[in-house]
Amino acid sequence: QMSANDCQDPPEYWTIHGLWPDKTEECNRTWHFNVTEIKDLMPDMRHYWPDVLHSSLNRTHFWKHEWEKHGTCAATLQVLNSQKKYFGKALELYQHVDLNSCLLKAGIKPSSSYYQMTAIKEALTRFYGITPKIQCLPPEEGEKAQTIGQIEFCFTKELHLRNCTSNGESDLTPGDLERGTEELSVCSDTLPTYYPSEV
């Protein structure tokens, strides 16, 4: 949808958007991003946490944004209290959740036909034992189906999976608008759902 950006060859697997603390009172905004602290994580970062909006220009733009907006708040937890721990733990949680293989095992894969959102939710809940928050792009004018866009997993402070409580609204804040997620909201259970092979 973003014809002006350089989103070349988007990955054909789920990637990381971020690791976001719910409460953000104690954020150290003066703690600036330093890419050298995560140098040894770079191969995994590029693969699992790519910046598809600024891929060729400045590969660290997305990570800098996530650290300064969310990581500096998450750092109140000892297990996340450095850039190395924050990004490393996010990669570890991504591997642990293993969303790509879970969906495949449940027979949910990119397709030109539609899914029922309740079937996707049930498959995820059956697999994980908790309910994630699934976010969609609403149908475009003249279309009937929503498009799956983001799947959010919620964790306790001990980083165990827990149910995501949802009030039907998007939790995305104005700072996320530049990330290209401004149109995402919690998916409707009644609309047919499109899971495209390329987004």
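Every residue gets a Cβ built from N, Cα and C, even glycine.
Here's what TrEMBL has on this protein:
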type: ACT_SITE; residues: His17; note: active site
type: ACT_SITE; residues: Glu66; note: active site
type: ACT_SITE; residues: His70; note: active site
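Reported as a whole number, the C-alpha separation between His17 (active site) and Glu66 (active site) equals 8 Å. Cβ neighbours of Glu66 (active site) (same chain, under 8 Å, six or more residues apart in sequence): Gly18, Leu19.
Of all Cβ atoms in the shown protein chains, 22 besides its own fall within 10 Å of the Cβ of His70 (active site). Around the Cβ of His17 (active site), a 10 Å sphere holds 20 further Cβ atoms from the protein chains shown.
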